[in-house]
Amino acid sequence: MRWLLPWTLAAVAVLMVGNILATALSPTPTTMTFTPAPLEETITRPEFCKWPCECPQAPPRCPLGVSLITDGCECCKICAQQLGDNCTEAAVCDPHRGLYCDYSGDRPRYAIGVCAQVVGVGCVLDGVRYTNGESFQPNCRYNCTCIDGTVGCTPLCLSPRPPRLWCRQPRHVRVPGQCCEQWVCDDDARRPRQTALLDTRAFAASGAVEQRYENCIAYTSPWSPCSTTCGLGISTRISNVNARCWPEQESRLCNLRPCDVDIRPHIKAGKKCLAVYQPEEATNFTLAGCVSTRTYRPKYCGVCTDNRCCIPYKSKTISVDFQCPEGPGFSRQVLWINACFCNLSCRNPNDIFADLESYPDFAEIAN
């Protein structure tokens, strides 16, 4: 076993030399020194609301077209900030002009912003995206419009009443090669016959029509329900009573009842409804910061406490002139309510397809 001793000593010597060389050649480890970064100054947001509220005795007098609203602190009446004005938690933008406070330019405080215009959102129908305000035709029978996330459609195929005099048994049938249905009489089924024509000579004599258009079928659809159950809304209809005899959409403003007035206390004892409510004083109509040139004392539909809906029964359309603080004035058609009644048939005014449910091919809108 003596012959193993030299070899063992040699191996130990080689290992020791290797460790010494590795230690000598390896870089000296550096010590990492972490220096803490200086802390940023604490961001302080100014406080624009003070409690308890301190309001002036009289509300401010706002310029013509500027809304008088409650401030963001829910304390005092202020004149709403307009487009491009600075806005804060207290000084809010004019909601009647579709403005909101954009704080993106005041990072990272987000305390003072600028009043900007609200941009309506688009719509998606059958996987196709449409921008706000865009009109499109999903098929040849309907024309649709995207309005702030909601799609509203109007039928393009106008269906006048069937003829009563010369047609014995009228039938509403599809015609090959045409999109819309037409009235057909059994006495002459080989070719479709039109309904009673609009006598344009009477309109020409009154100056309403400058040129006579043959084969013009006069049609005016009923007004759609008001888009809101309270406050300012809009209703539409389709009519081709014009010089071109072309179907056009007409609109009018509507206000069934005020949102900020509780009509229920006005119901007499023992009664279940109040058909008509009328304010005591005449006021001006306001629209997008513009004010009507004259005052009105309109009638509003009341409320029913027995699950019935109070809707207009007799009404008409009037023209109201508005004056704006900047720029020329304009006129709008407005619903004028004469009488209301409580009806058991209640429907959601925002259901834009409610009037189409009675159509046999209602499902074609989504095809």
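Using N, Cα and C of the backbone, Cβ positions are placed for all residues, glycine too.
Here Swiss-Prot annotates a disulfide bond for C101; of C87, C123, the partner residue is C87. Checked against C310 (disulfide bond) by C-alpha proximity, the disulfide-bonded residues C53, C290, C324 yield C290 as the nearest. Listed disulfide-bonded residues: C75, C87, C93. The one with the lowest count of other Cβ atoms within 10 Å of its Cβ is C75.
Of the candidate disulfide-bonded residues, C93, C101, C273, the one lying closest to C301 (disulfide bond) when CA atoms are compared is C273. Taking a C-beta cut-off of under 8 Å and a sequence gap of six or more, C53 (disulfide bond) has these contacts in its own chain: C73, C75, C76. The most crowded of the disulfide-bonded residues listed here (C55, C273, C290) is C290, judged by how many other CB atoms sit within 10 Å of its own CB.
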